[in-house]
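Worksheet: the structure to be examined is printed underneath.
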Amino acid sequence: MVLADGQMIWGRGFGATGAKVGEVCFHTAMTGYEEIMTDPSFASQIINFTFPHIGNVGANREDVEAKTLHALGCIVREDVTAPSNFRSLWRFDSWLKDHDRIGLAGVDTRALTGLLRKKGAQNAVIAHDPKGQFDIPALIETARSWAGLQGMDLARSVSTHQSYNWQEGIWSLQNGYSVVDNQKGPHVVAIDYGLKHNILRNLVEAGARVTVVKATASFDEVMAHKPDGVFLSNGPGDPAATAEYAVPVIRQLLDIKMPIFGICLGHQLLALAVGATTYKMHQGHRGANHPVKRLDDSKVEITSMNHGFAVATDSLPEQARPTHLSLFDGSLAGLELTDRPAFSVQYHPEASPGPQDSYYLFTKFIDLIAKERP
């Protein structure tokens, strides 16, 4: 792998061959690499896993957050070995190869993490050639010429193109994923800016009937489904770029006092819709053990996070009340509107991977819908 500043990081390639350019970042979760690699929020990113053993349980069809892998590749400390898990269907390296994703093993991932922590997320090219033949100057130039995530709208590239209904509930060891019929439940329309499947599962488990629409759906297209509430999903890229088509729709929904719940990118878009601003973080928050303080009662939730942009707390208008703060750096982790039935969080209450401290937010959304639209 080569960084835009010319630094080279050598390792043992696995997965697909070729080269891919994107932003390299680090993720501190000890488990859940399947969920992480398939999370659409990681589009155009290369993941440096801080935990040394990645791939040891292989890959399967159940522990994924999308139909394909969205991260461009990954960097790991130890070589990928044969999986040891009764649910495994593929070796991790074979899984990456089948989805045209590149891996790099044998890297001092702690040193790379230290570099990224100091210098911030970096543009990089990850390359794999079994013969070890690389045009280093060309790779460096590719990394330097890549525009970067700032100003980039990636939501429409990972979003669904057609609306669909979702009935799958959360997974259990005995029964796998359940199918839940919530025809009498409140109808939630989820706008897909890069939806994770486990968000949809938690909405269903909370009692919602769920319909998913594309990121670029207009206000009329959303309302054609007669929603009782609208969910704004997570997703990749710069929220300010996605806002060009998303914010006008959200503002129209706010005007009719539609109950709204946003997660991650959805949180940022809700903030932009009420006049706040967002910024690119130095290194971002990516892990499954991030403590968040709930301001209403000072309780702490351990959360899963994955974002490289954030909402500027001091830009919030009077009607947007901060509800959660990151205990790592004090950045905004949640907000609630005082004049509209809308709230959002920067972190991932659906986890996958991560703790389940914040599952209650899905129930809160359904309760809000019941209150506003009895």
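Using N, Cα and C of the backbone, Cβ positions are placed for all residues, glycine too.
Per Swiss-Prot, region 'CPSase' is recorded for 1-183. Positions annotated as L-glutamine binding site by Swiss-Prot: Ser41, Gly235, Gly237, Leu265, Gln268, Asn306, Gly308, Phe309. Marked as domain 'Glutamine amidotransferase type-1' by Swiss-Prot: 187-374. The active site, nucleophile feature in Swiss-Prot is assigned to Cys264. Summarising the annotation, Swiss-Prot assigns active site to His348, Glu350.
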Maximal Cα-Cα distance (Å) across residues annotated as binding L-glutamine, namely Ser41, Gly235, Gly237, Leu265, Gln268, Asn306, Gly308, Phe309: 13
His348 (active site) versus binding-site residues Leu265, Gln268, Asn306 - nearest by Cα: Asn306
Those residues of the chain, 6+ apart, with a Cβ under 8 Å from that of Glu350 (active site): Lys196, Asn198, Ile199, Arg201, Asn202, Ile263, Tyr359, Phe362
Output field, L-glutamine shell: CB within 8 Å of site CB centroid, site Ser41, Gly235, Gly237, Leu265, Gln268, Asn306, Gly308, Phe309 dropped: Gly194, Asn234, Pro236, Asp238, Pro239, Cys264, His307
Between Gly308 (L-glutamine binding site) and Cys264 (active site, nucleophile), the C-alpha gap once rounded to whole angstrom: 10
Spatial neighbours, same chain, of Ser41 (L-glutamine binding site) - Cβ under 8 Å, 6+ residues apart: His70, Gly194, Lys196, Asn234, Gly235, Pro236, Cys264, Leu265, Asn306, His307
For Asn306 (L-glutamine binding site), the number of other Cβ atoms found within 10 Å of its own Cβ: 27
Local Cβ density at Gly235 (L-glutamine binding site) - other Cβ atoms counted within 10 Å: 32
Least buried by Cβ count (within 10 Å) of the binding-site residues Gly237, Gly308: Gly308
